Each structure stands twice: as C-alpha cells, then as structure tokens.
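Listed features, source TrEMBL:
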DOMAIN    20-263  domain 'Nodulin-like'
DOMAIN    334-545  domain 'NFD4 C-terminal'
TRANSMEM  21-41  transmembrane segment
TRANSMEM  85-108  transmembrane segment
TRANSMEM  151-172  transmembrane segment
TRANSMEM  178-200  transmembrane segment
TRANSMEM  212-235  transmembrane segment
TRANSMEM  247-265  transmembrane segment
TRANSMEM  335-353  transmembrane segment
TRANSMEM  373-397  transmembrane segment
TRANSMEM  404-423  transmembrane segment
TRANSMEM  429-448  transmembrane segment
TRANSMEM  519-539  transmembrane segment
Amino acid sequence: MPMGKSHEILQFTNNFIQGRWFSLFASFLIMAGAGATYLFGTYSKEIKSSLGYDQTTLNLLGFFKDLGANVGVFSGLLAEITPTWFVLLVGASMNFTGYFMIWFSVVGKIQKPNVWLMCMYICLGANSQNFANTGALVTSVRNFPESRGNLIGLLKGFTGLSGAIMTQLYLAVYGNDATSLILLIAWLPAAISVIFVYTIREMRVVKQPNQLKVFYYCLAIAIVLALFLMVMTLVERTVRFTHAADVGTATMACALLFLPLLVFVREELGVFRRKNIIDPPRVSTTEHPPVPVVVVVENKDTNNLKCLSFNDIFLNKPERGEDYSILQALLSTDMLILFVATFCGLGTSLTAVDNLGQIGESLGYPTTTIKSFVSLLSIWNFFGRIFSGFVSEALLVKYKFPRTLMMTLVLLLSCIGLLLIAFPFNGSVYVASVIIGFSFGAQLPLLFSIISELFGLKYYSTLFNCGQLASPLGSYILNVKVTGPLYDREALKDLVKKGLTRSSVKELTCIGNQCYRQAFIILASVAFFGALASLILVARTRKFYKGDIYKKFREQAEATEAEMASTNNK
C-alpha cells in the first residue's frame, strides 16, 4: 500500500475515533445497556420466591429501584465539576457492585440479607444508570444541540430496547435462567462503559448538512431492531427455541445494534473527502491534518454552584430558552408544574411496570406469556421514545406544535392502558403492555427536551436529573403505599376463603380480576390529573414555542464553522 494512502487511512481513522459520530455510537451502546431497571418484572419473581418476600416487600424493593434510577442529582452535580470519563467509571462501579450483590443473595452464595440491605443493593445498581445518562445523553445533546429531540428520542429509545436486548443475550449466554439475568445485568453495562470511557466527551459544534439524514438512517435501523425483537418475542412465546436458535437471535440483534457504526463511518468519510478536496494539506505529514470537528478539552467550571441573591432567583430570571441557574430553574413555576406532571405520569407508569409480572400471574397467564408482556412493554417503550423524540421535533419545527401539549396527550393515553388492567378481558394485558410501554417511553424524551428548551443547556447535567425526582416519589406513594397494600389485602381475602392464615404460606399471592382493580382505578385517576397539570404548562409556554427556539444554536454553529475555515486558510 502506498505511503500516502496508508497515511490517509490513519488520518481518517484518527479523525473518526475522535469525532462526534463515533462518540454518538458509543453513547448508543451505553444507553442500550442502561435500561436494566425495566427488567425488574422478569427477575422480581426470583427475588420474591428465593427470599420469601410478600408483595408489599417486593414493591418496596421496586420503589428503591425507582428511587435509584431517578435520583440522578449526584451524577449531575458530579458532571459539573469532573470530566465525563470519571462519571462513567463511577457509574460502572456502582452497577457492578449493586447487581452482583443481588445475584449473590438470590443464588444463596451469601446469607440472606436484611430487606434494607437488599434495598440498598438495588438502589445502588439502579442509580448507576443516571451516570450513564449523564455521561452519554447530556454530552450528546451538547454535541448536537439543534437535533436534541431526535437525539434524545434515539438515545432513550435504545434504553427502552435494552430490556429486550438483554433478554435475548441472557437466553443465548445462560439459557432460560432468570437468576443469571441478574448476573448479566451486573457485568455487561459496566463493561461497555469501561470500554468507551474515553470516547464520550464534549466537542465544538460544527454544522453538517447531512446531520438530519444520518439521524433518520439511525431511526430506520432502530425500528428494524425493535420489530425484529418484537417478532422474536412473540415467536418465542409459541415455539420452544433451541440454544443454537437463541444464539442466532442474539447475534442478529447485536449486528443490528452495531449497524449505525457503518452509517457514521460513511458520513464521516464523506466529510473527510470533501475537506481534503476543498482544503488539501499544504505542509508535511507531521502537522496535524484539518478535521471536520474540533475536539476541545472538557473544562469544568467549579463556580457553577455559586450563590445567587433572592432577586436573581425569584425576580430577575432569564427569558425562557436562556441559561437558567440551577436554583432559578428548580424554584420556577414551570419546573413545579413539570414536577406534578412527572409525579403523576411516571409514577403511575413505573407502578404498572413493576407490577406487570404479578398482574400476569394474578390473571392466570403462564410464565412464558408474562415474560412476553415484559418484552412487549420494553419494545413499545422504545417506540414511545422514538415517537416522542422524532415526531415532536418534526411537529415543533414545522408547525410550532409545543412539546408540552404532546406530553398532555401521552398522559391521557396512559389512562387507557391503566384502565385495561383495572377492568381486564381476554388479551387485555397484551394491549395494556403496549399502551403503557408506549406512553411510559414517550414521557422521558419529552421531559428531557422540555427542560433543555425552557432552562438552557449550561446546567443541563443537573437539571435533567432533578427533573426526574418526582418519579421515585410517585412510585413510592403509588406503588408501595397504594398498590402493594391493596394487592395484599385482596390476597389475604383469598386466604380467608381457603381457611388459611398468613403464617401458613411462604408467599402471599392473589389470583383473580379483583387483585389490581381498585389500585389501577386510582392510578388512572392520578394520570388524568397529571394531564390536566401538563395542560397548564401548555398555556404558559405557548408563546415561547411559537418562536424560533433553535436560532442561537444555528448562529453558534455557523460562527464556529467560519472560525475553523479562517484558521485552515491561514
């Protein structure tokens, strides 16, 4: 191979690995492993039976899972003062420690831990996904600010698919053993974060003409992956797969997951060739070649958390869309309304997700069918995230359709799914899994996008994590204090009818349509209240969304492009 050609290949490879597109690909993989909390419905039965928990105790574990998964303030604050690689490493350590100890407990390799200790394990493991979110999602949004809706939809979409992807991987690696799924959750996401720990970092934004087209290619690949996983999930429910078939299915899923890498290589290669044609190197090969994206060192401002006066916090707030301080955003009326809507929307959705396994059991579905419910929910969770990301972005840009109104519609849709569980009929849980999964998935990209649009990107690492704080609170009240006790009350009624007492059975189980009826009527009512709260935010932000919310980011990208062109011409 000629020396010039070899140098050109090395030059392109270096540019690609250090560029925005490879960083985004690494973010896809990290987010695809950051949804282990959605598999709780699959392995919770193993925890319940091996440790002898009743439903209220299991729901308490579910609450601490949701608490860890949604209280990401620490990861956000850490990201304000430390580089991204450190945030990812902390998350990887927490993930492995938390889930590995849960696996140790379930398989009996250690003495049965106290309930509070199991709560700490699952909270620690679940909290790790906030570090993945903060490291991958926040960095990617800052690297592609004009396409944040599409980008957040894709990234959170891969997180939504992670449950189905990990299900296929654990079937291929360990066989049909739900306890081994916990072990897979412990080591795989941690390994991905460690491998790409230095790849994900903030870079200067440069306008690229094909950027939107690249995202739509990724969308097409993600949809094909989701459809493949959905088909395989339905087939596995009716046909018993051999281990070789499981391996083949997992291999195909991984191939589709890696396909965006080829799209990014093609896009980066086109930019590289155009750059060399327009501005070929004029000096020796020892000089750094021109690159389409300039990587900058992450400089963390340690004064991010400076004190503000009362007037700054409450009276002299910036306009919507400008950079709010952390306190200005958290103490604003808009954030309060978002908090209420999130409490109602994500709180009810998380409760439904955590109880899905027991819902299927109470209605008499076999174990294989219950696993299908969980996988269907995970897949439609993906479609909800993709829909709310791409469709809300298109409607916003073309018709000035506010994302806040989209959130209202999503919460109304979730009411239907919750009522289908409250009043079940033959096959209704399949439909409910699809609706709840879709609406649950749609809420997160909308929440993250709305926060970035209303309060700016300067403190986005902290603010988007603070935006989720209502979710675990809603989960605790609605799951632990409402749904769990109501279920146990119905289960105790069944025991009385059979002439038994609580002490005579190890596991408290309820069978019948009445088990979750009252609880899910309450959940549907709460979700409807959240939709009404969201409608208030629609009225407050109507004028803001009628403007050009991306104008300043286009101007910044054009200024950077002009600066780079001027530098290269010198």
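Glycine is treated like the rest: Cβ placed from N, Cα and C.
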Check for me, if you would, whether the transmembrane segment (178-200) reaches the transmembrane segment (429-448) - at least 3 Cβ pairs under 8 Å, residues 6 or more apart in sequence. no
Please give the sequence-distant neighbours of the transmembrane segment (247-265): residues at least 6 beyond its ends with Cβ less than 8 Å from one of its Cβ atoms. 16, 21-22, 24-25, 28-29, 32, 158, 165, 168-169, 171-173, 214, 217-218, 221, 224-225, 228-229, 232, 241
Sort out for me which stretch, of 85-108, 151-172, 212-235, 335-353, 373-397, has the most Cβ pairs below 8 angstroms to the transmembrane segment (519-539). 335-353
With pairs fewer than 6 apart in sequence excluded, do the transmembrane segment (21-41) and the transmembrane segment (404-423) have three or more C-beta pairs that lie under 8 Å? no
Feature contact check the transmembrane segment (373-397) with the transmembrane segment (212-235), CB under 8 Å, 3 or more pairs: yes
Contact set, same chain, for the transmembrane segment (151-172): CB under 8 Å, 6 or more residues outside the stretch: 24, 27-28, 31-36, 38-39, 42, 129, 136-137, 140-141, 144, 180-181, 184-185, 188, 215, 218-219, 222, 225-226, 229-230, 232-233, 241, 243, 246-247, 249-251, 253-254, 257, 371, 374-375, 377-379, 381-390, 392-393, 437, 441, 444-445, 448-449
